[in-house]
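Novice: Can you keep this structure in mind? I'll have questions shortly.
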Amino acid sequence: MSETTLFQNAPDEGEGAARAGVDFVRARIMDDNASGRFDGRVHTRFPPEPNGYLHLGHAKSICLNFGVAREFGGLCNLRFDDTNPTKEDTEYVDAIREDVRWLGGDWQDREFYASDYFERLYGYAEELIRLGKAYVDDLSADEIREYRGTLTRPGRESPCRNRSVEENLDLFRRMRAGEFADGEHVLRAKIDMASPNLVMRDPTLYRIRHAHHHRTGDAWCIYPMYDFTHCLSDSIEGITHSLCTLEFVNNRELYDWVLDTLGLYHPQQLEFARLSLTHTVLSKRKLIQLVQEGHVRGWDDPRMPTLCGLRRRGVPPEALHDFCRRIGLARADSTVEYSLLEFCIREYLNAHTARVMAVLDPVKVVIENYPEGQEECFDMPYHPEDASYGTRRVPFSRELWIERDDFRQEPPKKYHRLAPGAEVRLRYAYFITCREAVYDAAGRLTELRCVYDPQSRGGQSPDGRKVKGTIHWVSAAHALPATVRLYEHLFAAENPNAMPEGQTFLDALNPDSLRETAAMLEPALADLPVGRTVQFERLGYFCKDADSTAQGAVFNRTVGLRDSWAKMEKNA
Ligand code: ATP
Ligand code: MG
């Protein structure tokens with residue numbers, strides 16, 4: 001059990017919480033609607049801090065917040081929680097907008113910024129001072145930590161705790177006016193230094209930061225803390241259900257205290273477990289490090305768990321919706337298998353992509369009895385089960401590329417592909433029989449000399465004889481050379497967040513997470529737009545990358561056809 005669940009307050013189980021097939025958030029909303037608590041309104045928000053790119057964990061929160069709003073006929077706001085000027089940037093704001101939209105989140109005209117509320121928040125802070133519920137403290141950050149006490153030891157009151165309202169107001173206004181240096185003062189709530197909940201031991205509400213803010217510029221040199229900002233932003237926007245992750249369980253008491261003390265409209269905070277995935281890190285700090293230290297090629301590197309990385313890899317948003325539905329919503333932390341994500345991606349792409357032929361590790365086949373200079377075309381369906389995908393014409397000629405792996409000099413039992421003397425079906429084309437394998441001086445296979453059966457046109461047996469193996473191919477004269485990037489887990493370790501003593505998550509990086517191959521594609525792929533994903537028959541799903549040029553396309557493997565990684569691990 002993680003620390004957050006260990007110390008969490010007793011969960012308030014609504015009576016609907018056990019309702020079959022409904023998670024606790026939706027059950028709670030149903031209860032609130034039934035009791036008329038928010039007049040039947042449902043209004044959620046997705047509140048990212050613009051200090052990094054969104055990742056799979058955020059997808060869970062987006063699907064939840066926008067999903068709940070849609071299901072209950074409510075609204076969901078996009079709110080940038082931008083109270084930390086030194087780490088935030090408009091680059092992130094733009095990227096977040098794009099990612100939320102890509103996932104189908106529609107906030108209409110309700111794009112808000114905590115920084116829009118700075119003036120109101122400041123007013124609420126003065127109000128707390130006037131109520132005798134907040135004071136300016138001179139203790140340093142270290143001293144405040146020291147005074148706070150521990151879970152077993154109560155805190156000590158600051159010597160500044162009993163300043164008069166007038167003195168507090170004066171100091172707070174001078175903090176705002178820029179009279180003090182960073183760290184010289186903070187504004188703290190006056191609650192209870194002996195509270196069993198450490199969050200309630202006079203938490204800091206405002207700190208001094210002489211820093212430029214990406215939206216408010218230099219208008220402010222004091223900035224409100226998350227706990228103060230978040231509940232007030234929710235209240236200002238009329239949020240009904242404020243859904244956040246479990247680490248904020250202990251903050252709920254403060255959330256409630258601020259709103260109750262100020263006598264403001266009060267949303268309900270509900271906490272759910274954050275998403276953790278095997279072989280993945282989902283902390284922005286770690287993701288930033290991967291980018292800044294060059295362990296990946298950027299935020300949108302297809303190995304990254306960022307939404308832009310997944311998009312570039314060819315993962316459709318529908319697969320992420322399906323994934324979020326399947327993992328459900330719980331109140332205890334757990335780790336989801338990465339293979340579940342791959343399963344969802346495969347499920348969606350299987351039903352929604354065209355199939356084409358590409359050879360990733362090409363070896364030449366020469367069909368000795370096929371006339372030189374002759375060529376013909378085969379009409380092939382883009383999808384075997386869905387005629388609406390249409391067909392394309394695939395050229396065939398005397399020299400072809402096939403996968404190196406589709407030939408064995410000494411085939412094991414039950415090997416149905418090419419081998420000396422063996423016959424296979426070239427997908428939709430002809431039966432061929434291998435006569436001879438040609439090797440170079442280094443012993444590497446360079447060419448397969450074959451013959452074809454002209455009577456087997458279309459891959460149909462002419463006389464009822466059985467050919468078990470069917471392999472894919474590309475006509476050498478017509479092939480498009482391309483670069484294909486094959487990805488494996490970015491982290492070899494199952495849990496890069498919990499490495500042995502003396503190691504960091506960087507030690508878990510998989511040195512083979514990216515492999516590039518020089519592939520040959522069928523010519524129909526020439527016009528495929530960047531960003532489109534197709535199935536390369538027998539190989540997996542591949543997305544055309546923006547790095548493609550006139551000289552050659554670049555494809556990212558989105559996911560293989562089968563769960564090869566999980567199988568490998570089981571056999572290891
Ligand atoms: P990180 O720890 O990676 O910095 P964060 O929680 O600080 O993430 P925010 O930008 O503050 O990132 O998150 C915006 C919203 O997304 C919050 O409501 C947060 O609860 C949610 N969220 C972030 N990470 C996850 C996750 N792994 N699983 C579920 N929800 C998440
Ligand atoms: Mg955060």
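Note that Cβ sites are derived from N, Cα and C of the backbone, with glycine treated the same way.
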Novice: Identify the motif ''KMSKS' region' range according to TrEMBL, selecting from 101-105, 126-130, 281-285, 346-350.
Specialist: 281-285
Novice: Please identify the range among 48-58, 158-168, 312-322, 367-377 that TrEMBL labels motif ''HIGH' region'.
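Specialist: Comparing 48-58, 158-168, 312-322, 367-377 with TrEMBL, motif ''HIGH' region' matches 48-58.
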Novice: Can you check which residues sit near ASP81 (L-glutamine binding site), meaning Cβ under 8 Å from its Cβ, same chain, 6 or more apart in sequence, and list them in order?
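Specialist: In sequence order, the residues whose Cβ lies under 8 Å from that of ASP81 (L-glutamine binding site) (at least 6 apart) are PRO47, PRO48, GLU49, PRO50, ALA114, TYR226, THR229, HIS230, SER233.
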Novice: Can you tell me the mean pLDDT for the motif ''KMSKS' region' (281-285)?
Specialist: 96
Novice: From GLU49, ASN51, LEU56, HIS58, which binding-site residues have a C-beta atom under 6 Å away from some atom of ligand 1?
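Specialist: GLU49, HIS58, in sequence order.
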Novice: Measure the Cβ-based neighbour count of TYR226 (L-glutamine binding site), defined as the other Cβ atoms within 10 Å of its Cβ.
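Specialist: The Cβ of TYR226 (L-glutamine binding site) has 15 Cβ neighbours within 10 Å.
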Novice: What is the three-state DSSP composition of the motif ''KMSKS' region' (281-285), stated as helix, strand and coil residue counts?
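Specialist: Per-class counts: 2 helix, 0 strand, 3 coil.
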